[in-house]
Each structure stands twice: as C-alpha cells, then as structure tokens.
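Okay, so here's the structure we're looking at.
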Amino acid sequence: MTLQEKDLRLLCRKATSAALAAGQYIQSRFAKYNTKTHKEGGNSLASRIVTDIDVRAQEIIFRSLHNTIQSYGLGLLAEEGADDQSRVEKSYFWCIDPMDGTLPFTEGRTGYAVSIALITNSGDPVIGVVYVPDLELCYTSIKGWGVWLNDEPFARANTIANDTIHVYMDRSFQSEDYFQIITNHLNEWATHLKARIHYHSGFGAVRNALGVMNSGAGCYFKFPKKLKGGGSIWDYAATRLFFEELGLHVSDSRGKRLHLNNPETTFMHDVGILYTTHGDLADCIITLGQKLEFRRCPDR
C-alpha cells in the first residue's frame, strides 16, 4: 500500500490534533504532583523515568488516531507500550512519544515535547509532528512539503549568529569517558572558524534536535555504545523528517541513513545519531567518531 497525498494530508491533520490535545493536557499538569515510576530501558535516568502524565497523554493520542489505524491498516509503536511488531508487518506505522523529555518536565523546567510520526516499514518518516506545550510551538511536515510552524512555513537562519556554534547533548553524555576529547576537538574546530561553542544540555532528544534546527549553526549527536539505550525510534522519527525537508544533515553517527525501523530493537545505541546544520561540521563529528571507535576497539 502506498498512501496518496490526500491521505497524508488527512493523517497529518489527525496527528497534529492528537499532539495538541496531548500537549495541552501535559501543560495543565506542569509543576503539579505526578506519580513517577521507573521502567525497563536504557542506562540513563532520563530513559527510564515515566509518570502517569506520559501514560495519560499516550491514551489521548491513541484515541485520536484509533480510527486511522483501523481505516488505513497502520501499525503502531509507542514509547509507553509494547512493541507488537506491527511496525514490521504493516506498510506504515504511527510512531509516538507522548512526552519526550519526561525528566525536565518532572524537574519543573523546559525541555519536553510531544512527538508523532508516520513511518514506512522501510524506516523512513513521511509525516512528522512535534508540539512544544510550554512554548505553544507546533512543527509539522509531510515528506516533500517542507516544514511548517504554527501553520506558517518555517524559515531558519543559515549563518553562524554571533560567531556561535550550538552543541546540544544529553546530560548523560557528559559522563562518557571520551567527553573531554570531544569538547577539545570541537573547540579546536570552532577556533579555526573564529567562532565559539555554546553547550546545551538537559533537554529531551526532540528538543535537542529542534534546538539545532533553530540555530544558525549547531549539532546534536550520539556515538554508538554497547549498553542498551542511545534513544529509541520515537525520539528521532519526526525530527529526522524536519531536517531532511530543510536540507540539513541527519544520519547515524557514521554518516549513513538514519534507519528508523530495525526489526531487532527500537534502541539506537548500535549506530548512534547525528544532526547538524552544516556538512563540514557533520564531517568533523563523523571523523571524530571513527577515531573514538578505533581507540575503544581492543583488537587494534
């Protein structure tokens, strides 16, 4: 089955309505008591924490999209639910993160978002919707139709503003044994451009990617690792499409296509991720990653 343009437009509207409804509910619960638990998952606190708000927001999205799943025979993958492998069996599947950035939400600060994408079973997003509840920003995209922000075409700066390169990272990234090597390498690269690095941390993966997208020059990346984690399909599904539509670099950490439907796992730790605004910055990070892989390999 191949969805036609009219189908994609309808499904994008449905996803947008679902994201707005979930986001409005999330924001209504901000800074109020919420039940927190920990789930099986990656090796960082951010990847394991879940609240009753996540679960409730996901239920709101499910109700909004239920008819589309039935009508179009779509699969489903959602963070707070089991992987039933319908994402592999169906031609397309909804990929849902009801609240990316649960940790900053529980800490009473910005950094969270609702993310919904429609992905082909070959691992490519064709619809992406992200709603940032606290800022009331809704990004939408259909493959081939650009990116829209609050129903207006999204335009971004493509120059290095104030001689600054913005590097977004997960909080856990700072505890990696190679963190200082990375910062030294990036600082040296920026010096050649007579620019400075501004490091950002503490946001969820979706907001990190949006931060890069809204910067004149920036990046967000994770290198492969042995421990399970590295984010999951739903963390990158919508923002991958945004970057592609804007002509920005998005790939795995080795520069290859960011495949979003590995049948074996939803985690991305084996390949990593890379978002950048500029190709030469992407080359810099890919080269650095290759050097680190060589350094960590015990057979070399």
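Placement of Cβ uses the backbone N, Cα and C atoms for every residue, glycine included.
Remember, TrEMBL labels are computer predictions, not curated facts.
What TrEMBL records for this protein:
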BINDING   Glu79, Asp97, Asp100, Asp235  Mg(2+) binding site
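Structure coloured by features recorded in TrEMBL.
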residue	record	Cβ neighbours (10 Å)
Glu79	Mg(2+) binding site	23
Asp97	Mg(2+) binding site	32
Asp100	Mg(2+) binding site	30
Asp235	Mg(2+) binding site	28
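DSSP assigns Asp235 (Mg(2+) binding site) to a helix in the three-state reduction.
The record gives Glu79, Asp97, Asp100, Asp235 for Mg(2+). Within 8 Å of the mean position of their Cβ atoms, the other Cβ atoms in that chain belong to Ile96, Pro98, Met99, Ser115, Gly204, Ala205, Val206, Gly231, Ser232, Trp234. In the three-state DSSP assignment, the secondary structure recorded for Asp100 (Mg(2+) binding site) is strand.
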